[in-house]
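Annotated features in TrEMBL:
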{"type": "COMPBIAS", "residues": "262-273", "note": "compositional bias 'Acidic residues'"}
{"type": "COMPBIAS", "residues": "285-296", "note": "compositional bias 'Basic and acidic residues'"}
{"type": "DOMAIN", "residues": "87-215", "note": "domain 'TFIID subunit TAF5 NTD2'"}
{"type": "REGION", "residues": "29-51", "note": "region 'Disordered'"}
{"type": "REGION", "residues": "262-314", "note": "region 'Disordered'"}
{"type": "REPEAT", "residues": "344-385", "note": "repeat 'WD'"}
{"type": "REPEAT", "residues": "417-452", "note": "repeat 'WD'"}
{"type": "REPEAT", "residues": "459-490", "note": "repeat 'WD'"}
{"type": "REPEAT", "residues": "501-542", "note": "repeat 'WD'"}
{"type": "REPEAT", "residues": "543-576", "note": "repeat 'WD'"}
{"type": "REPEAT", "residues": "585-617", "note": "repeat 'WD'"}
Amino acid sequence: IGGNVATVATSSPGVTAVAAVPPGKGEARGDCGAGPFSRQEPREAGSPCAARSLGGSPFCWDTRVGAVAVEDQPDVSAVLSAYNQQGDPTLYEEYYSGLKHFIECSLDCHRAELSQLFYPLFVHMYLELVYNQHESEAKSFFERFHGDQECYYQDDLRVLSSLTKKEHMKGNETMLDFRTSKFVLRISRDSYQLLKRHLQEKQNNQIWNIVQEHLYIDIFDGMPRSKQQIDAMVGSLAGEAKREANKAKVFFGLLKEPEFDVPLDDEDEEGENEEGKPKKKKPKKDNVGSKSKKQDPNAPPQNRIPLPELKDSDKLDKVMNMKEAARRVRLGPECLPSICFYTFLNAYQGLTAVDITDDSSMIVGGFADSTVRVWSVTPKKLRSVKTAADLSLIDKESDDVLERIMDEKTASELKILYGHSGPVYGTSFSPDRNYLLSCSEDGTVRLWSLQTFTCLVGYKGHNYPVWDTQFSPYGYYFVSGGHDRVARLWATDHYQPLRIFAGHLADVTCTRFHPNSNYIATGSADRTIRLWDVLNGNCVRIFTGHKGPIHSLAFSPNGRFLATGATDGRVLLWDIGHGLMVGELKGHTDTIYALRFSRDGEILASGSMDNTVRLWDAVKAFEDLETDDFTTATGHINLPENSQDLLLGTYMTKSTPVVHLHFTRRNLLLAAGAYSSQ
């Protein structure tokens with residue numbers, strides 16, 4: 001390969017070491033990390049894995065040469081050997097403080113941008129010292145400079161401070177992530193030239209090597225960004241998203257509703273006549289089924305992914321939904337929703353998940369004692385189907401056959417589902433209310449029948465706790481995400497996942513389907529949100545800006561926006577089409593576990609561990625957005641200074657953290673949580 005020597009030495013089956021010797025460098029260096037799969041554990045066959053250029057050498061290795069390597073785990077020593085090239089250990093503090101002095105004395109406009117270098121350089125210089133066994137120098141380097149880092153990196157620094165010996169670096173996940181994914185910084189060309197000139201004049205090769213080896217600098221033309229603009233966007237494990245990551249086209253529009261006739265409502269009409277009022281003419285009631293006649297220009301093609309056919313029962317449900325929608329309250333700053341709070345008593349800190357059916361007839365709780373409990377919240381009790389022997393006696397042609405198959409003896413307002421062997425972290429009802437999903441610490445997702453209240457399938461794919469699961473708005477498909485850092489897309493009738501979404505650097509903590517079911521959003525403990533395309537499994541958006549693990553996601557009903565909540569107590573708003581942050585709602589003082597838009601998208605409700613529900617004006621938050629090409633190209637976002645203008649109300653509970661929120665079809669807000677007696 002152009003005069004270089006590339007050796008592929010297979011030391012043992014399953015571990016392939018690939019080394020390359022670029023011209024003029026005395027030693028082989030390798031960085032053949034496969035992104036998120038940097039753990040020493042078997043990876044899903046065929047999962048995406050990038051063949052990357054080895055340690056900054058001038059050529060890229062052909063995937064054919066390293067075909068074995070691509071499928072294998074990165075050899076830890078190959079990943080760490082990038083730290084071999086070291087400078088004089090005693091000078092590290094001097095290098096760092098020299099750069100610090102240079103940045104602090106640079107012009108204000110460059111200072112904010114260049115300050116982004118402090119954290120990644122600090123980490124890599126520390127790791128380089130540890131790797132080369134200069135333990136005392138490493139310790140003194142850490143003690144001298146760790147206080148200068150931004151407050152939102154404190155948790156990462158705590159992990160880092162415990163790595164004090166070379167051996168510690170071998171099995172540490174955080175470490176390997178830092179290694180195998182380059183830290184991304186967005187810097188204007190002027191600031192970058194300034195830095196480059198400074199480092200070359202000083203001949204500060206050590207820092208320059210780290211910048212080239214471990215950082216990815218995304219350079220843009222134009223004005224440098226201000227401190228506020230940078231602070232809003234940084235804070236994730238791997239820095240910001242590259243601008244390229246948010247360029248792909250996303251079909252965020254809604255699919256056209258199928259058309260079908262809605263029968264006139266006889267009861268309503270008779271009722272009106274009795275009161276002696278004339279019959280109201282009901283305009284165009286025949287095809288209310290067609291919500292929008294025109295195809296949304298931003299919608300995906302109707303058949304882009306196969307969706308299940310509508311059954312007759314689904315059509316009836318749609319009709320019911322439309323009748324309810326006709327009576328829906330129009331919400332707004334002047335007309336806030338009533339809130340009805342379901343408190344779980346005597347749950348002894350054991351409530352770990354809640355879901356409510358779309359028609360608000362059932363509520364489910366997942367508990368730490370590994371049970372799933374389903375309640376009816378209407379006077380109608382929950383009943384199971386009769387036994388096979390009894391069913392054979394029923395007249396199948398009778399009109400009320402659906403009533404007759406139910407066994408009255410089983411009627412109760414609570415059903416308990418046993419099957420998991422660990423806490424249940426996520427629950428989701430199917431849109432047709434026939435099925436229920438639950439996911440657990442035991443690594444499985446279970447599908448339960450709400451006709452028989454028994455478990456139909458256990459889906460095994462995650463080897464570790466599964467933190468969240470959700471049904472597609474059209475049923476049939478569902479998504480799960482867990483501790484193994486990947487999200488999986490399943491279909492109810494397949495044992496194996498259909499797609500594996502790999503890319504997060506830490507646990508996938510929450511998952512949500514886009515209203516058109518073509519995309520899935522995942523939030524992670526790596527403090528990023530990713531949007532995945534169901535069709536091909538590609539990651540089409542990466543959103544950074546939260547300073548803690550993400551715990552809640554909500555798409556706006558029109559499919560254009562995404563709201564996200566995290567342990568940092570902030571709700572961030574994103575424009576999906578442009579891939580931009582467009583708002584930040586501050587007010588909560590603890591983790592946000594629940595987010596929900598009202599049915600027409602006028603209000604965003606957020607629920608938090610701080611025992612409050614807050615209502616925000618979503619219309620105002622999304623109006624007159626500056627999403628011109630320049631903003632999109634450089635990430636110069638201008639967030640309104642004061643999000644208090646958007647806060648419409650704060651509602652306290654006595655001592656109940658809010659775990660779930662749900663707007664009924666008429667826009668009554670239901671909230672749920674377990675009373676905690678501390």
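Residue positions begin at 1 at the first shown residue.
Using the three backbone atoms N, Cα and C, a Cβ is placed for every residue, glycine included.
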Checklist entry - What residues in the same chain, six or more past the boundaries of the repeat 'WD' (585-617), come closer than 8 Å to it by Cβ-Cβ distance? => result 325, 328, 330-333, 336-337, 339, 341, 548, 551-558, 563-567, 569-573, 643-663, 665, 667, 669, 671, 673
Checklist outcome for this item: For the repeat 'WD' (501-542), the distant same-chain contacts (Cβ-Cβ under 8 Å, at least six residues beyond its ends) come to 35-37, 44, 47-48, 177, 181, 235-238, 241-242, 245-246, 248, 250-255, 299-300, 304-305, 307, 467-474, 477, 479-483, 485-489, 548-555, 557, 559, 562, 564, 566, 574, 576, 579
Next on the checklist: Can you work out the mean pLDDT of the predicted model over the repeat 'WD' (417-452)?
Outcome noted: 94
Checklist entry - Counting Cβ pairs under 8 Å to the repeat 'WD' (417-452), which of 344-385, 459-490, 543-576 comes out on top? => result 344-385
Checklist entry - Residue counts in helix (H, G, I), strand (E, B) and coil for the repeat 'WD' (543-576), per DSSP? => result 0 helix, 20 strand, 14 coil
